[in-house]
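Participant: Okay, handing you the structure first.
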Amino acid sequence: MDIFRVLTRGASIRKNGDSNRTQSADFSMANEKKSKTAGSSSTPARDEQQLTKELDFFRNKKIMNKVKSESTKGEGEDEVQEDNQEEDEDHADDETELSGKIITKQDALKLRKSYQGNVSGNSVPLPIGSFEDLITRFQFDKRLLNNLIENNFTEPTPIQSESIPILLHERDMIACAPTGSGKTLAFLIPLLQQIINDKTTVGLKGLIISPTKELANQIFIECSKLANKIYLDKKRPLQVALLSKSLSSKLKNKVISEDKYDIIISTPLRLITVVQEEALNLGKVKHLIFDEADKLFDKTFVEQTDDILSSCTDPHLRKTMFSATIPSNVEEIAQTIMNDPIRVIIGHKEAANINIDQQLVFCGNEEGKLIAIRQLVLEGEFKPPVIIFLESITRAKALFHELLYDKLNVDVIHAERTQVQRDKIIERFKSGDLWCLICTDVLARGVDFKGVNLVINYDVPRSAQAYVHRIGRTGRGGRSGKAITFYTKQDSLAIKPIINVMKQSGCEVSEWMQKISSMSKREKESLKKGKGHVERKQISTVPKVVKQKKRQRREMIEASKKRKLSVSDAEEEAGNDST
């Protein structure tokens with residue numbers, strides 16, 4: 001039964017004779033129905049029933065075969081008979097859908113081939129073909145299922161199809177999937193289900209670690225939506241918390257019990273601080289999830305991550321890693337801290353989202369980058385919302401002031417801004433008040449801005465991983481997006497990993513790119529050591545002549561101050577000699 005056929009019934013008007021005859025027949029039928037109370041009452045009931053069938057995404061409601069009515073005579077009986085026939089067809093369709101479930105390993109191989117999934121490990125569980133499988137295979141909680149429906153999650157993405165059954169089987173896992181592929185939901189759904197099932201203990205059971213506050217806040221919002229109206233034993237609601245500065249203080253001062261929350265989401269340093277102050281005990285944590293794992297295990301966070309692991313002392317602790325990029329060194333670390341993990345790769349490990357149109361634009365020098373942005377605006381290619389990434393706070397500020405002169409609706413976000421300022425800017429950008437957001441890599445990971453049309457890498461990213469995460473702010477949730485990377489003569493080495501990502505993502509690569517994309521061992525080592533990074537000039541469109549005059553004037557003022565200072569010192573010495 002097509003829902004649109006129900007809603008548009010009787011709205012067709014045609015010009016030929018047959019259609020006129022049909023139209024008049026419809027009107028006569030309508031007049032006849034008006035004289036029959038039973039017929040008029042059965043039609044809305046039938047339509048309502050058909051609508052319910054169409055909206056029953058997960059087939060968790062039993063659709064009645066007959067419309068309950070005290071009187072069904074004449075035409076009403078024909079309608080019920082027709083309805084029963086359509087219901088039989090629907091049930092036949094349902095049986096076809098049920099037969100498409102993942103039952104055998106051969107079914108799993110076909111499904112994985114469709115989305116280029118690579119799963120390895122011992123005793124790998126079968127993936128789910130639909131959310132319906134969660135009901136039949138795992139006795140999925142109805143309240144959690146309703147929250148999924150209310151938030152318009154109707155079909156699992158590839159990473160969700162693989163991750164959810166693995167985590168529900170309580171296995172350690174390393175998962176890599178493109179940006180915007182639904183990784184957050186892939187670990188939230190099984191985590192919530194496991195906490196609902198675990199009725200033995202009270203207190204903190206799930207811990208989610210994120211490298212940035214913005215990503216942690218986003219995970220908290222999504223988790224709160226799915227945990228809405230879910231109650232555990234003794235009518236206690238499932239509690240989710242974001243470890244903010246305020247909550248840390250309350251835990252430290254014992255205003256709030258540490259056993260109040262079932263799930264806590266936090267950045268590494270804040271969590272370690274609270275644990276060291278003995279305000280929070282991680283001994284009961286059974287599920288530890290690292291989102292953006294490659295960042296959490298690099299040299300910036302690895303010591304903090306190690307402290308978190310040592311604080312989680314439960315012998316049955318399950319560890320999970322998610323990211324859009326998983327370097328080999330992170331996988332090596334994972335193998336040492338995990339127990340027989342399953343490895344899930346969707347697509348290519350170092351590839352970007354295939355929905356993103358990636359381009360490289362040669363700008364000659366730093367001044368050429370500003371000209372290139374203004375060219376995009378003039379040609380109508382600068383389609384908001386737009387995110388521009390730079391390598392440093394100083395350069396982000398400088399570009400912000402330059403674009404303000406162009407009267408663009410723009411703002412800048414970086415680590416020097418307060419959390420309140422950052423939250424307000426992000427909210428304005430999401431609501432459409434801001435058209436362009438300039439930022440550093442603080443926003444490159446995880447944060448979900450729906451509908452971003454364009455990402456501009458004003459400065460070439462320092463690694464292929466950074467590039468994948470930056471451009472991953474667009475092309476999310478199945479939408480298309482565009483990413484442009486500016487480069488100069490100085491970036492000849494730094495763009496090689498980016499060209500390789502473009503090739504692996506299926507982008508068209510010109511001949512000159514093919515020639516320079518291959519890297520020697522020495523070049524790879526120099527990039528790892530950061531030698532590919534170049535010192536960049538200040539962002540400015542002020543002419544060189546004006547800059548020279550300003551510099552000369554500044555030097556003259558400084559020289560004048562020195563002369564005055566030396567004269568005053570000489571006068572003081574002369575006065576001392578006379579006395």
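Every residue gets a Cβ built from N, Cα and C, even glycine.
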Participant: From 259-262, 283-286, 291-294, 415-418, which range did Swiss-Prot mark with motif 'DEAD box'?
Facilitator: 291-294
Participant: Would you mind telling me which of 104-132, 133-161, 539-567 Swiss-Prot tags as motif 'Q motif'?
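Facilitator: Residues 133-161 are the ones Swiss-Prot records as motif 'Q motif'.
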Participant: Near the motif 'Q motif' (133-161), which residues from the same chain, at least 6 beyond its ends, have a CB less than 8 A from one of its CBs?
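Facilitator: Cβ under 8 Å, 6 or more out: 57-58, 60, 101-102, 111, 115, 117, 127, 168, 175, 177, 181-183, 185-186, 189, 192-193, 196, 225-231, 344, 346.
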Participant: Which residues of the same chain, at least 6 past either end of the motif 'DEAD box' (291-294), have a Cβ under 8 Å from a Cβ in it?
Facilitator: 174, 183-184, 187, 208-212, 215, 219, 321-323, 325-327, 330, 334, 445-446, 465, 469
Participant: Which one of these binding-site residues has the most other Cβ atoms within 10 Å of its own Cβ: Pro178, Gly180, Gly182?
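Facilitator: Answer by Cβ density within 10 Å: Pro178.
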Participant: Under the DSSP assignment, what numbers of helix, strand and coil residues are found in the motif 'DEAD box' (291-294)?
Facilitator: 2 helix, 1 strand, 1 coil
Participant: According to DSSP, does Ala177 (ATP binding site) fall in a helix, a strand, or coil?
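Facilitator: Going by the DSSP assignment, Ala177 (ATP binding site) belongs to neither helix nor strand, so it counts as coil.
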